[in-house]
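Structure first, then comments.
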Amino acid sequence: MNKLCAVNSALSSCRNRLNASREIAPVTLPNCRLIKGIETGSEDIDILPNGLAFISSGLKYPGIKSFAPDKPGEIFLMDLNENDPRAVELRISRGFDLASFNPHGISTYVDTYGTVYLFVVNHPHQKSTVELFKFVEADNSLVHLKTIRHDLLTSVNDIVAMGPDSFYATNDHYFSDFILMFLEMFLGLTWSNVIYYSPEEVKEVAAGFYSANGINISPDRKYIYVADVFDHNVHVMEKHADWNLTHVKTLQLDTLVDNLSIDPYTGDIWIGCHPNGMKLFYDDPENLPASEVLRIQNILSEEPAVTRLYADNGSVLQGSSVASIYEGKLLIGTVFHRALYCEL
């Protein structure tokens with residue numbers, strides 16, 4: 001009887017973490033269109049200060065559907081300064097294993113000379129690596145510089161660049177095996193963490209998450225934000241000179257928070273969310289995974305303002321994972337579906 005109760009309790013807790021019973025009312029934006037050419041996901045988006053947006057596409061993630069399971073992943077570019085921006089696939093230099101390219105979270109870093117580095121979380125053969133590229137704008141290409149592997153980078157989800165070869169990364173699970181990942185989620189283990197990586201030092205800097213997902217940095221570069229997708233919250237961490245992080249506060253929400261994007265002018269946090277995580281894992285054409293975009297203003301204040309700016313039941317956009325803003329233009333990406341361009 002006790003064992004049955006324990007199983008029922010774990011099942012109930014798991015359903016709560018997935019927000020399994022939540023339905024949402026639609027919130028529409030007036031000037032939106034689906035982006036032509038992006039059909040198999042736009043899991044993460046990072047926009048440079050000059051309006052060039054990088055989009056990762058084609059993620060194959062355990063337990064989540066893919067419209068093109070045999071197609072390699074891609075990186076797209078959009079110039080948001082154009083009147084009618086379009087997505088262009090970036091060519092990747094020879095020597096890189098394109099066949100197993102499975103891009104997840106991305107982050108850019110621009111050095112003092114204007115060189116643009118693109119960090120891409122990659123899952124070749126369901127492993128975790130970080131691929132470092134240099135962006136060549138003249139011919140819309142990415143030059144592969146190196147592949148980063150480490151024993152602490154076990155199940156990497158997202159990344160935020162700190163320099164030309166250093167970053168923070170989230171491990172969304174302790175285990176990398178799919179069955180063990182499922183058990184980890186079902187049992188509610190808080191073994192997920194954040195890693196700091198540089199060529200000189202690699203270390204755990206934060207731990208105790210159900211599933212650390214999106215990660216980003218405040219415009220003043222003093223704070224790191226971490227989304228815990230299964231705990232429905234965003235953690236604010238203070239960054240120290242030794243790269244360690246200390247917890248400042250946690251903002252609790254009512255949705256599964258995925259990637260975090262920062263407005264560099266206001267400091268607002270834009271989040272692509274999953275209102276009901278159960279629908280994301282269950283492939284039911286009659287009950288599609290919904291999309292939701294939140295904006296958080298003044299997260300360091302005693303009462304941050306949380307605004308739902310977009311919500312869709314999956315009829316237009318399924319499984320939103322990111323929302324990025326540039327001068328009144330909003331890009332909303334998804335784990336495996338389309339991408340939306342809106343003018344606010």
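Keep in mind that glycine also has a Cβ here, set from the backbone N, Cα and C atoms.
What you are looking at is a predicted structure, and each value in this text was computed from that prediction instead of being measured.
Between Cys342 and the candidates Cys32, Cys273, TrEMBL annotates a single disulfide bond, the one to Cys32.
Cβ neighbour counts within 10 Å, taken over all protein chains shown, single out Ile106 as the most crowded of the recorded positions Cys32, Ile106, Cys342. Sequence-ordered, the extra residues of this chain that approach the Ca(2+) site, with Cβ no more than 8 Å from the Cβ center of Glu43, Asp44, Ile106, Asn157, Asp158, Asn213, Asp258, Asn259, are His104, Gly105, Val121, Gly214, Ser321, Val322. Listed in sequence order, Ser56, Ser57, Leu59, Pro103, His104, Gly105, Asn259, Ser321, Val322, Gly333, Thr334, Val335, Phe336 are the same-chain residues at least 6 apart in sequence whose CB falls under 8 Å from the CB of Glu43 (Ca(2+) binding site).
Taking each Cβ in turn and tallying the other Cβ atoms within 10 Å, the top scorer among the recorded positions Asn157, Asn213, Asn259, Asn313 is Asn259.
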